[in-house]
Amino acid sequence: VMASMAHLQKEKLRLQEELLELQEKLTAQENNELSLSLQLQGQVETLKEKLLEQAQEISRLRSELGGTDAEKHRDLLAAENERLRQEMKACEGELRELRRQQQQAPCRDCPHLQENAGLQEQLSQLQREAEETRAKLVELDLEVQQKTNRLAEVELRLKDSLAERAEEEERLSRRLRDSQETIASLKSQPQQIKYIIKTVEVESPKAKQALCETQSRNQYLQEQVGMQKQVLKEMEQQLQSSQKTEAQLRAQIMMYEAELERAHGQMLEEMQAMEEEKNHAIEEAFSRAQVEMKAVHENLAGVRTNLLTLQPALRTLTHDYNSLKRQVRDFPLLLQETLRSARAEISQAIEEVHSTNRELLRKYRRELQLRKKCHNELVRLKGNIRVFGRVRPITKEDGEGPEAANAVTFDADDDAVLHLLHKGKQVSFELDKVFPPQASQEEVFQEVQALVTSCIDGYNVCIFAYGQTGAGKTYTMEGTAENPGINQRALQLLFSEVRGKAADWDYAITVSAAEIYNEALRDLLGKEPQEKLEIKLCPDGSGQLYVPGLTEFRVQSVEDINKVFEFGHVKRVTECTNLNEHSSRSHALLIVTVRGLDRSTGLRTTGKLNLVDLAGSERVGRSGAEGSRLREAQHINKSLSALGDVIYALRSRQGHVPFRNSKLTYLLQDSLSGDSKTLMMVQVSPAEKNTSETLCSLKFAERVRSVELGPVSRKAELGSWPSQEHLEVPKRLLGDSPGSAAPPGRGHASPSPGQLSSRSASIRRKLHTSG
Ligand code: ADP
Ligand code: MG
C-alpha cells in the first residue's frame, strides 16, 4: 500500500504538471483565439464595410448587368460552410458526451476500507482538480462555441451579402446580356449601323461622345468586378486558414481528451491493483488467523487434558494441605511436649557430662601426677645429673701450623663417644652426649629443652658450662646476637610454654643475675654491684636458702630479657677494664624463677633455672702464678673442686654433700639436691696445643658422669678431692691404663672389689623409688 501510495503521489505530481502544461497551452490558445477573433472581428468589420460598398456597387452594377460566376462559387462555399457547421456540432455533442462520462466516472461509491480513505481523499482532490480543469475546458469550449456562433453569424451575414451580390451580379449579367444582345442585334445590321455610325458620326458627335463614355465606364466596371473577385478570393483564403486553425484546435482538444482518458484508465488500473493487493492481504491475514486459531485450539485441547490430569493431583494436594493444616494446628502442643522432653534429656545429659567431666578431671590430675612421677623416673634413670661434651670448631685465634691441628675425632655410630689424640696416644671418652663442632646452637638446645620445661613443673635445674678459657662456654650459654645460646632460648621456651598453659595456670617469671669472683657474690642487676651479698637460711625454718638484697626482675617477653642482659653486661663493662679476662676468672649466674598457680586446684609450684657460665678451668697455679692471679686461680680451683665434689657426692648418693665448701655450691644447694636436675656442658677445644687442658676437662667430665653407673660410687668414700687436684682422676675409677680399648671410668665394665651385690643394688633402687 505504501508503495502504491508513493506511486500515486508520483502520478499525482505528474498529472499536476501535465495540468499545468495544459493550462499554459490553454491560456496560449485563448490568447491565440482572442487575437484571432480580434483579427476576425477587424476583418469582419472591414468585410462589412466592403460588403456595404460592394452591395452598393453591385446594386448599381446589377442595374447594369445580370448574374456572374461568382454566384456559383458563393453557392459552393455556402454548402461547404454548412457541412463544417454540422461537423462542429457533432464534435460538440461528442465533447458533451465525454464530459458526462467524465462526471459519471466511478469511484464514487468505492467500497474500500478505511485504510484507503486517505488515498481516496487524494484521489478526490485530484478529481476536483481535474473537474476544475474540466470546468475551465467547458468555459473554453463555451468561448469556442461563442466564437463559432459569432463566426456563423459572420458567415450568415457574409452569405446574405453574397446572395445580395449574386442577385446584383445576376442583374448586372442580365443587363450585360441584354446589352450584348442589343450589341449583337446592332451588329447584325452593320451597314445600317455603319450607316448609323456614320450617320451617328456624322450626325452626332454627341452620341459618339456618349458611347465613348459608356465604353470607358464599362471597362471601369469590368475592372471593378475583377477587383471584387480578388477580394472574394482573399476572403476565401482567410476562411480556409480559420478553418485550419479550428481543425488544429479540435485535434488538440481530442489529444487532451485522450490524455485525460489515459490518466483515468491508469487511475482505474491502480485502484484495481490496490484492491487486489488489499484482497490479497486480507486473504493472507485470514489464512494466518486460521492457522493461529488452529494452534490455539490445539493448545486449548492440551490445556484441557492437562486440567483433567491436574484435577486428581489438586485433589490429593488439597487432601495433603488439609492434613498439614491439622498437623500445624497440633504442632505447638507437640512442640511443647518435645521441648519439655528435650529439655529434660538435655539437663540429664548435662548432668552426665558434668559428672564425667568431674571424673575426667580427677583422672587427669591423677594422670598428671603419674606423668610427673614417670618423667622423674625417666630423668632419674637417665641420671639426674647429665654430662654433655661440646667441641668448638677450630677458629682463627687458634693460629696456624701443627699447633692448630685437630686432635679430636668422633665415633660415627655412637654420639656419646669422643677420641682425643694426646701425645701420640688416642684416648677415648664416653659422656651422655657429645656435640661435634658443626652442631648448631639449636641442636644443643634441643637436648637441653626437656630440663628447661621441667622447671615449669616446679623442678630446680642447673646448667653449667665447664672448660678452659676459649673453649666456648660463653658461646654456648649466651651465644651471639644473631645466634643466641641456651640462656635466651631457655627463656623463650619458658615464655611459650607458659603461654600454652595460660588457660589453667598463672605464671610469674623473674630473673636475677649474679657473679662470684674470688668467693664473693655480687648482684649484677643491683644498684651497688660492688656490694658483697651473703647467703642466708630462710628464717621460716624451711631450710631454704636465700640471698637478701639480690635484685629480681619480672620478665614477660624476650624484649624484657634482652634489656636485663644488656643491663647486666653494662654493669660488668663499667667495672672491668678487661671484660674477657675478668669474665673468664669469675662465675656468671643467671637465675630464672618460675612461680606457678593452678587456678583449678590452687596448687602452687616454684621452679628455678640456674644457668652458670663457669670460670676457666685451666691450671694456672702450676705455672707459678703470683699475687692476685694466684689468688684468683686458688679461688677458682677451690670452687670448681667443690662443685666436682658436690656433683660426685650427689651422683654417688652419699649421705653428706659438701655444699658449704664454696659460695657457688652453697648458693646452688637447693638446685642441686633432691629432685633437681643438673647438666654439665663440658666445653673443649680441638686444637693440638690445647690437648692437655682438653684431656683434663674430659677426665673431669667422665669422672662426674661415671659415678652413679658404678656401684662402687656407693661405697666410695671420697669426702672431697684434694685442693688443686680436682682434675685428677682417682686411680680406682680409671683403672691402670686410661688409653686402653675399654673406655676408662666405665664402672660397669671395670669390676671393682667394692662393688655391691645385686641384692643391695635392688634395695638401693627400692629406696630411691620410695623417695
Ligand atoms: P669461653 O667462654 O669458654 O672462654 P668463648 O665462648 O668466649 O669461650 O669462645 C671462644 C671463641 O670461640 C669465641 O670467639 C667464640 O665465638 C668461638 N666459639 C666457641 N664455641 C663455638 C662454636 N660452637 N661455634 C663457633 N664458634 C665458637
Ligand atoms: Mg667465657
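Yeah, the Cβs are placed from backbone N, Cα and C, and that goes for glycine too.
Around K473 (ATP binding site), a 10 Å sphere centred on its CB holds 29 further CB atoms from the protein chains shown. For G467, Q468, T469, G470, A471, G472, K473, T474, the entry in TrEMBL reads ATP binding site.
If you look up TrEMBL, you'll see 5-189 (among others) marked as coiled coil.
The coiled coil annotation in TrEMBL covers 232-284 (among others).
Summarising the annotation, TrEMBL assigns compositional bias 'Basic and acidic residues' to 725-734.
If you look up TrEMBL, you'll see 752-761 marked as compositional bias 'Polar residues'.
What TrEMBL lists as compositional bias 'Basic residues' is 762-771.
According to TrEMBL, the domain 'Kinesin motor' annotation covers 384-707.
The region 'Disordered' annotation in TrEMBL covers 721-771.
Less than 6 Å separates the Cβ from ligand 2 in the case of K473, T474, drawn from the binding-site residues G467, Q468, G470, G472, K473, T474 in sequence order. Shown in sequence order, A465, G485, S583, D613 are the residues of the chain, 6+ apart in sequence, with a C-beta less than 8 angstroms from the C-beta of T474 (ATP binding site). Listed in sequence order, S584, G616, E618 are the same-chain residues at least 6 apart in sequence whose CB falls under 8 Å from the CB of T469 (ATP binding site). Ranking the binding-site residues G467, Q468, G470, A471 by C-beta neighbours within 10 Å puts G467 at the top. Taking the Cβ of G472 (ATP binding site) as centre and 10 Å as the limit, one finds 22 other Cβ atoms among all the protein chains shown.
Proximity of the binding-site residues Q468, T469, G470, G472 to ligand 1, judged by a Cβ distance under 6 angstroms to any of its atoms, singles out T469, G470, G472 in sequence order. G472 (ATP binding site) carries neither a helix nor a strand DSSP state and counts as coil. Look at G467 (ATP binding site): DSSP puts it in coil.
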